[in-house]
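Comments concern the structure below.
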């Protein structure tokens, strides 16, 4: 119970009055003038009212009234619910009277009346007595409307919930058992079973009040709806009791069963129906009763069984069904895969996976696929190389093998340390349908240019001035440039040109960034070079130490030109190698300088070359000083030739390289770049020392070579 309190003083009015107390949850009631003596010849009634849904509880804290036999003189009378709860007077311990003590007075409703009455005097044996009166407290107590009130003797006990009663603080409400609906009077219940729905895979269904008598005038519809792919089975339990007639079939009450809209039975009497296999996932039970009868009704248990699909069968020997089961039911599935090196095919479509699901009608939702051998497709073309089949020609399916190779002797396959070229070039069609190499994976090999290996190396020792023309293939790295006039260069790799910085930014010229860069390769004749066409330049890189404005300082006279497109190497177009040690600059070592420069004061139309020895740096330094020249001759340069030889590079040869044959590797190396000198064939020639710039060259080329 909830007990709520509120102190509300209540005073009595004059004789004959009535005092209603406002609806509060608790308060107090006293006699007039309390705790002073109360007046004589006085009567009033106090009406204590609490909110609806509560009862009134009253307890006296102090009580001191004139005692008398039967409380005839002064008294307090308490009444509630049209009944008297007692008449009280005196005080505790007095021989006369009827004091209330600590008794609790409780009303059944939300009202209680307290009547206070005094006579004309308070005398005892001629002595005037003074009595203080009373002090009482009341409180609102929750009324449990759902508790049985017939014990209280009420003529019309309330509430009258037909089924279930629910009490709450200050009130109550009624509800009904399953299968019934609460009516508008909020107390009575009416059977309602016209649209009961069951969707679980199994369960129980029964008539209302089973196994007690079912109500009259029922029109019940119990619908069972389970997922498609399930079939319902019905099993009736004992007792089965539906009102019937000995001569007429089910004239009063009847249970009709429908499966997929078709009637499969109509039942009544006391004989339990047989177990029913409905072969349906939708069943309706219609139960009708008349206005009379006391039969106990019926109850059944329904269960479901899953529909089965046929065993899956493969279409070829390469298909694998994972975890094959002895039986497949609705919603079961199987996964089909292929043996290694084969792939799933559905129609003409390649599948990455295959799953088939058993449908609600007992069929698989998709047909079994086939397995076809993996096809890696045509192998990728290898730039500057090709491939050949080591298995059946033109067959690119699983386990086929090919061998990539490079176009030798101009290209060589890039190999890893410790691996052979043949291993690098072998690719197999894998089970994943890709060509793959054991070391490189899917990445195809790379054919790198072979440097310094001319097919027709030079053998004669002719001079440029008055010398013999170079033959095709003698200097296949030779580049002819026409930028600020004729110049030369050498091919590095298959897309880089090594040349002198001063051919791009000549000394005693203003710096120009928009000069035409014409580059020609692949022939020894200028006219034929022109016919082969110019090679566009993507990028120019000049060494940062080069100073165009310092005419006597050729420090850093080296530059790189990156071609827009790689060139295809052949007998007349091959790169030269870079030096890797100082032995290429040993005194007296012979090298070759080739170019299209001035020949006997005339412009050459054909490539010519000269054979020159590496000179002593100190001799070159002395020779310069003897000529009163202030030119810078640094450690990044070397000199070649001799004043007595009358052989040298000349105008138009600048940018070409000083080529030396390495006897250990039989490769030609660009040890220097034609940089500067004094006239043509008038002494020493000076060259940029390439070895000192190899790191810069490789960085600029980003190791493309």
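Glycine too: its Cβ is placed from the backbone N, Cα and C atoms.
Just one of 241, 243, 277 is listed by Swiss-Prot for the same Ca(2+) 3 site as 253, 290, 294, and that one is 243.
Between 110, 167, 263, 474, Swiss-Prot assigns (3R)-3-hydroxyasparagine to 167; no such entry appears for the others, which is not proof they lack it.
The disulfide-bonded residues 174, 176 differ in how many other CB atoms lie within 10 Å of their CB, and the one with the most is 174.
Counting other CB atoms no more than 10 Å from each candidate's CB, the binding-site residues 66, 74, 119 peak at 66.
Rounded to a whole number, the distance between the Cα atoms of residue 189 (disulfide bond) and residue 119 (Ca(2+) 1 binding site) is 57 Å.
Of all the disulfide-bonded residues listed here (193, 309), it is 193 whose C-beta has the fewest other C-beta atoms within 10 angstroms.
Residue 338 (disulfide bond) sits 16 Å from residue 376 (disulfide bond), counting Cα to Cα. For residue 167 ((3R)-3-hydroxyasparagine), the nearest of the recorded positions by C-alpha distance turns out to be 250; the candidates were 250, 376, 429, 581, 620.
Listed in chain order, the residues near the Ca(2+) 1 site other than 66, 74, 119 are 40, 65, 68, 73, 75, 89, 117, 118, 121, 122, 131, each with its Cβ within 8 Å of the site Cβ centroid.
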